[in-house]
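K.L.:
Below, the features straight out of TrEMBL:
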TRANSMEM  18-38  transmembrane segment
TRANSMEM  50-70  transmembrane segment
TRANSMEM  82-99  transmembrane segment
TRANSMEM  105-122  transmembrane segment
TRANSMEM  143-163  transmembrane segment
TRANSMEM  169-190  transmembrane segment
REGION    195-217  region 'Disordered'
COMPBIAS  198-208  compositional bias 'Polar residues'
DOMAIN    222-397  domain 'Major facilitator superfamily (MFS) profile'
TRANSMEM  223-245  transmembrane segment
TRANSMEM  251-276  transmembrane segment
TRANSMEM  288-306  transmembrane segment
TRANSMEM  312-333  transmembrane segment
TRANSMEM  345-367  transmembrane segment
TRANSMEM  373-391  transmembrane segment
Amino acid sequence: MHPAPPTAATTGPRRSRVAVVVLFVVAGAVMGGWSGRIPTVKADLGLSDAQWGLVALAMPLGSLVALLVLTRVIGRTGARALALPGAAALLVVAPLAAVSPSAGFLAPALALQGASTGLLFGPMNALAVDVERRYGRSIMSSFHAWFSVGQLTGGLAGAAAGLLGVDPWLQLTVCDVALAVALCSTASAVPRPHAAQLTGQRTGQRTGPWTRPAPRERPTPQIVLLAALALLSAVTEGSAVQWSAQFSVSLGAGVATGSLTLVCYSLAIALTRSFGDRVVDRVGRRRFVQLSALTTAAGVVVAVGGGTVPAALLGFALVGLGCGCVFPTIMGLAGNQPDISPARAVTYVNLGEWPAFFLGPPLVGALAEVSSLRWAMGLLVVTALAVALLARRIRVP
């Protein structure tokens with residue numbers, strides 16, 4: 001007789017939490033490791049900035065295709081059946097992208113990498129919601145903190161490999177083998193949620209391990225609201241990542257000091273994710289999103305209004321403190337909405353967030369062209385205040 005597959009009831013909460021943490025670390029480490037070697041890959045292929053920009057579009061487009069597929073299948077398969085293959089595919093595809101001999105090979109490799117990322121992100125957040133429910137308290141931000149740890153570790157590995165002259169494909173292969181070992185050793189503990197969690201059924205309805213999920217669940221008004229909040233938050237985050245260093249340089253900072261602005265922002269995000277769950281439990285999710293958005297807006301005002309490099313460093317640190325836990329909190333809210341499965345709910349929110357890849361940073365750049373970067377950064381105040389206002393309409397389950 002074969003052993004029963006792991007479920008939310010048979011797998012210990014701690015083991016399940018570690019297993020889902022590994023998924024977040026894998027996603028972050030691969031992203032950080034690849035991003036750190038982009039300049040080398042770009043130079044090796046002899047691509048201009050414009051050519052690289054076109055090739056790089058393949059990744060978010062691949063992610064979009066995966067998200068569209070997920071909205072149709074995740075309610076039937078469950079998150080576990082998609083997250084593990086997505087993580088495995090990501091570990092395989094990243095080194096292959098690094099050995100592409102031309103842009104013609106790199107573009108489909110990046111599309112596959114984006115699709116693998118899309119296949120992993122939504123399901124792993126749904127699994128995190130499942131583990132959070134079993135703990136009975138907020139732990140969603142801690143999962144995203146581990147994503148940040150993975151991203152930082154991958155970035156440092158890429159930087160070290162670059163200094164040592166190690167080829168990108170070799171660095172990514174070695175790192176991904178280590179990640180694969182961790183993934184294989186914890187895969188059995190990744191939970192398979194109960195049928196009620198797959199289908200969005202209410203307690204008391206007939207459920208069982210073979211219960212068929214609803215054929216298609218439409219996004220509820222609350223899911224649409226949460227998707228809009230995720231989009232606005234991602235526009236703010238993406239713009240801060242892309243433009244914070246350049247903003248300090250525009251104020252007279254050197255390149256190294258400009259990079260320090262991004263470091264302050266990234267460290268603040270990691271810090272707030274490490275303690276954010278305790279604050280969420282204390283003030284509630286709706287109020288936490290509002291306070292976080294107001295902190296973000298205040299940070300941008302400090303950076304832009306101060307007009308000095310120290311003000312920019314402080315301001316973007318505040319932006320990081322404000323932004324860090326908004327998306328994890330939105331994921332937690334989505335995964336607990338009634339009348340829709342957690343897996344499909346977080347997938348819809350991820351899909352709603354997707355346009356931020358193309359909206360935020362380019363819009364800031366366009367505004368900077370017609371005015372100045374200082375005025376263009378005011379867009380982040382608008383998006384942050386919009387999050388604070390819309391968050392008033394959140395209904396906490």
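Cβ coordinates come from backbone N, Cα and C, glycine included.
Heads up, TrEMBL stuff is auto-annotated, nobody curated it.
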K.L.:
Other than its close neighbours in sequence, what residues sit by the transmembrane segment (251-276), given a CB gap under 8 Å and a spacing of at least six beyond its ends?
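P.N.:
Counting only partners 6 or more residues beyond its ends, the transmembrane segment (251-276) has Cβ contacts under 8 Å with 141-142, 144-145, 148-149, 152, 240-241, 244-245, 288, 307-309, 312-314, 316-325, 328-329.
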K.L.:
Near the transmembrane segment (373-391), which residues from the same chain, at least 6 beyond its ends, have a CB less than 8 A from one of its CBs?
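P.N.:
Residues 225, 228-229, 232-233, 235-236, 239-240, 243, 246-247, 250, 286, 289-290, 293-294, 296-297, 300-301, 303-304, 307, 319, 322, 326, 360, 363-365, 367.
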K.L.:
Which sequence-distant residues neighbour the transmembrane segment (169-190)? Criterion: at least 6 residues beyond either end, Cβ under 8 Å.
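P.N.:
For the transmembrane segment (169-190), the list is 6, 11-12, 15-16, 18-20, 22-23, 25-26, 29-30, 33-34, 37, 80, 83-84, 87-88, 91-92, 94-95, 98-99, 127, 154, 157-158, 161.
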